[in-house]
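**Student:** Pasting the relevant annotations from TrEMBL:
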DOMAIN    1-184  domain 'Peptidase M12B'
BINDING   His113, His117, His123  Zn(2+) binding site
ACT_SITE  Glu114  active site
REGION    350-386  region 'Disordered'
Amino acid sequence: MTPEGDVKVILAGFVIATNIEASRWTEDNVISSNVVNDGNTLLTFSQWINANRNTGAIPPHDHAALFTGYDLAEKITDKRTIGIAYLSRVCNSYASSVNEETFNAMIIHIAAHELAHNLGASHDSYHSNGCSAEFGYVMSPSLPNSEYSSATSASRNFIFSSCSRAAIGAYIAGLETNCLENSPMDGLVDLTLAAFNPGETVYGVDDQCRLTYAPNGGSAMCRENYPLTTMKWASVCYRLQCRNPANLNGPCSSQFAHDGTACGNYKWCQQGQCVSSVDAPNVPDICPFGDDPLFNCDINQCSQYGQQIRSGKCCYTCLVPKTTTSTSTSTTTTTPPTTITTPITTTITLTTTTPTTTPTTTTPTTTPTTTTTPTTKTTTMQSTTTRVIKTTRQTSMNTPVTTDKSFSQSFDELADHDLKTAMALFVHLVAML
């Protein structure tokens with residue numbers, strides 16, 4: 001194992017709660033129609049995991065991550081929490097986390113952040129200036145706001161700081177029983193998921209916008225904003241701008257794009273960067289995403305359009321050269337037959353599914369009281385060894401970094417997807433030797 005604590009994460013399985021009774025972790029902790037108490041949900045879920053770990057009801061695992069469509073909140077007046085986990089619990093009881101599903105690429109950052117808490121990493125703001133929260137590494141106490149991201153800062157959102165790596169390495173090295181040394185069960189899951197690029201095969205830019213703001217339609221990428229920027233379409237990887245139907249007259253909202261999202265000819269997004277790849281889609285550099293599906297582009301009006309519409313909303317109609325196909329007629333010396341070939345049109349319907357997301361803040365050490373799990377088994381947590389860490393939304397970019405909840409910037413409220421049932425994802429963690 002390296003001193004920095006390199007760890008390989010392997011998917012162990014899923015458990016999906018499809019009804020209220022199967023999701024007591026959230027349903028017993030609802031504080032309003034779309035809000036659950038963050039700490040109680042984590043405690044209830046962890047106790048359920050502890051009670052069922054050796055019963056065969058759940059897959060063997062090292063960490064259990066709960067993803068929920070509910071809004072996590074400490075109280076009804078404070079709904080900034082997007083993720084919560086116990087500190088330093090992997091290979092012990094309470095090795096779990098709760099993540100608020102954001103239905104876009106931000107959930108990747110949330111889940112990685114909460115998992116690292118379980119592996120012994122605190123927030124970067126608790127360390128030296130070399131690991132300041134302002135640098136935007138994975139363990140920043142609040143999620144980065146893509147509205148203010150650059151190509152340079154976006155790359156740090158996918159990296160652990162040296163302080164976090166050292167903390168994870170120290171925790172693993174100090175384990176009396178290192179569960180990370182075992183191998184996952186063969187054939188448990190499709191491990192090729194590690195190479196899956198959701199932006200390439202499943203979610204185009206407009207799909208990613210709809211999933212976040214309008215699952216039933218009405219949202220699309222704000223193409224008009226890119227031709228005027230320095231990096232043009234390449235900036236979509238760290239700033240995917242979407243039209244929010246709830247605020248049509250306001251500015252577009254920003255989020256990260258999924259890996260595999262096209263950003264130019266044979267170029268795609270990887271960890272916030274637009275990179276060249278022979279595996280990336282062959283799309284026009286001047287119009288990698290086609291026309292805006294919510295705008296009625298007219299080729300006869302292209303000369304009248306302003307630059308933002310001509311080069312953005314209607315870039316395919318106005319800028320991409322069109323190819324024409326002619327039909328040839330063959331004749332003979334007898335009867336001159338005419339052959340007409342009718343092109344076959346195939347319609348492909350894209351089916352989209354819903355994804356998840358979470359920012360972070362830390363709460364003081366708490367001593368949860370003994371509660372009853374949904375399975376009737378009661379588990380008591382020791383306050384001397386367990387600490388709860390939260391992740392929160394950002395609220396203001398200019399606020400001094402003094403507490404976990406102070407470093408933030410505006411974070412648009414997520415659309416109500418009516419997805420309240422929860423999904424538990426189980427992972428095996430294997431220390432790299």
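Each residue, glycine too, has its Cβ placed from N, Cα and C.
Nobody curates TrEMBL annotations by hand; they come from automatic prediction.
Fair warning: this is a prediction, and the values are worked out from it, not measured in the lab.
Can you tell me where each of these features sits in the structure?
**Tutor:** According to DSSP, His113 (Zn(2+) binding site) is assigned to a helical segment.
Residue density at Glu114 (active site): 27 other Cβ atoms are found within 10 A of its Cβ, drawing on all protein chains shown.
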**Student:** Out of His113, His117, His123, which of these binding-site residues shows the lowest number of other CB atoms within 10 Å of its CB?
**Tutor:** His123
**Student:** Could you tell me the mean pLDDT over the domain 'Peptidase M12B' (1-184), as a whole number?
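**Tutor:** The predicted confidence over the domain 'Peptidase M12B' (1-184), as a mean pLDDT, is 88.
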